[in-house]
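Taking it in order: structure first as structure tokens, then the write-up.
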Amino acid sequence: AAAEPEEQSLPSEEPQHEKSQTEVPASNASPSRAVLGELRVTSITPSSVQLQWSVPEGSFDSFMLQYRDVQGQPQALPIDGRSDSVTVPGLSPSQRYRFHLYGLRGRKKIDHVSTEAVTAAADPEELPLPSDKPQHKKPQTDSPASEAPLVRAELGELKVSSVTPSSVQLQWSVPEGSFDSFLLQYRDVQGQPQTLPIDGRSRSVTVPGLSPSQRYRFHLYGLRGRKKIDHVSTEAVTEEPEEMPLPSEEQKHEKIQTETPPSAAPVLRAVLGELRVSSVKPNSVQLQWSAPEGSFDSFLLQYRDAQGQPQALPINGESHSVTVP
């Protein structure tokens, strides 16, 4: 896995759609031929880039997006084989990035395409909403009364549905009309503005990479095109760091004490299968598990980062895999 990053630096003069050498043997390549279409930039913010691609021929098991951060460190983002777009978060404003998308069969790179994007300039003056501003005040973009009634769209209350030491899950509704997309803005612990673009069909988002025991103020904007139609705000305080480590001698499958009352246990019994590593990259790990008996409302993945800080990642109860970036 450690050797993976250097495959990233493709020469800048490389053609957008050059076939990798894995396709050279024409005799057996044709039956399983798979081709990547153009890699396009569909959306840019100061801290993220959204990319889109097509697969005009064949199919891939998965994709891998590679790029270098502002420190020049290689980053790799594994992507599901059914996806045709990805949002790359955590970028820096006004920076040029070169992205390389690989189409994979198993662990073999079949084809790749590349593109460049420059992130938008920081827009800090847009971020801070005065703390005394009403939660649901309409911004001035609604002022033209002539066109407003036809395209009226309204955001419901922005609620905090889940908090961990390193993440906050937010939820909202759209009681009237609809939005093309949403934009979540907040400041990190260094006071730097962060922007998270969200699909217009979404009604919840998990904001990862936060710091424990910190107060954050989140601003959610409803957009039509690039125009901000409405916004709502809320605050949340992340939890204190938990004592995470399970004793190393603890059994992988040991039952927790909540199952002790025998009267209720048989009805509510739920069992986790083995936790397996399904994919490893220099900066991410993909994990997989099963629930052979019963069901869970949700899962929580906990680990310590390289600095020894506890991290917690909330996961939907229907999921059986997660990529830890």
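Placement of Cβ uses the backbone N, Cα and C atoms for every residue, glycine included.
Listed in TrEMBL:
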REGION    1-33  region 'Disordered'
COMPBIAS  22-31  compositional bias 'Polar residues'
DOMAIN    35-125  domain 'Fibronectin type-III'
REGION    115-148  region 'Disordered'
DOMAIN    154-243  domain 'Fibronectin type-III'
REGION    236-264  region 'Disordered'
DOMAIN    271-325  domain 'Fibronectin type-III'
Based on DSSP, tally up the residues of the domain 'Fibronectin type-III' (154-243) by helix, strand and coil.
0 helix, 50 strand, 40 coil
Over the domain 'Fibronectin type-III' (35-125), what is the model's mean pLDDT?
89
DSSP-derived helix, strand and coil totals, residue by residue, for the domain 'Fibronectin type-III' (271-325):
0 helix, 31 strand, 24 coil
